[in-house]
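K.L.:
Before anything else, here's the structure in question.
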Amino acid sequence: MKGMIMLISCLMLIDVVVESKNGYIIEPKGCKYSCSWGSSTWCNRECKFKKGSSGYCAWPACWCYGLPDNVKIFDYYNNKCGK
């Protein structure tokens with residue numbers, strides 16, 4: 001029983017330490033990186049360049065998985081694109 005509690009505790013700690021986020025990556029002006037059908041390879045490369053685990057074209061913009069906390073992603077409520 002103690003071993004099971006220890007295992008669960010370790011897994012929870014790993015989840016906290018290796019926390020990442022998912023979302024639309026943004027350009028310096030705050031706009032999403034645009035893409036078109038068939039450009040998932042390009043989006044995946046852009047996401048990995050930003051230290052994400054992977055990405056794809058979720059038309060009309062690149063969606064990334066596993067981004068570090070310091071990478072800015074699109075936020076609907078704080079949208080600065082075109083302003």
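The first residue you see is number 1, and the count goes up from there.
Including glycine, each Cβ sits where the backbone N, Cα and C put it.
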K.L.:
Pick from Cys62, Cys64: which cysteine does Swiss-Prot list as forming a disulfide with Cys43?
P.N.:
Cys62
K.L.:
Tell me, from Cys47, Cys81, which cysteine Swiss-Prot puts in a disulphide with Cys64.
P.N.:
Cys47
K.L.:
At the Cα level, what's the spacing in Å between Cys62 (disulfide bond) and Cys47 (disulfide bond), rounded?
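P.N.:
One finds 8 Å between the Cα atoms of these residues.
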K.L.:
For Cys43 (disulfide bond), which of the three DSSP-derived states applies: helix, strand, or coil?
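P.N.:
Going by the DSSP assignment, Cys43 (disulfide bond) falls within a helical segment, counted as helix.
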K.L.:
Show which residues of the chain containing Cys35 (disulfide bond), separated from it by at least 6 in sequence, have their CB under 8 Å from its CB.
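P.N.:
Same-chain residues close to Cys35 (disulfide bond) (Cβ under 8 Å, separated by 6 or more) are Trp42, Cys43, Cys57, Trp59, Pro60, Ala61, Cys62.
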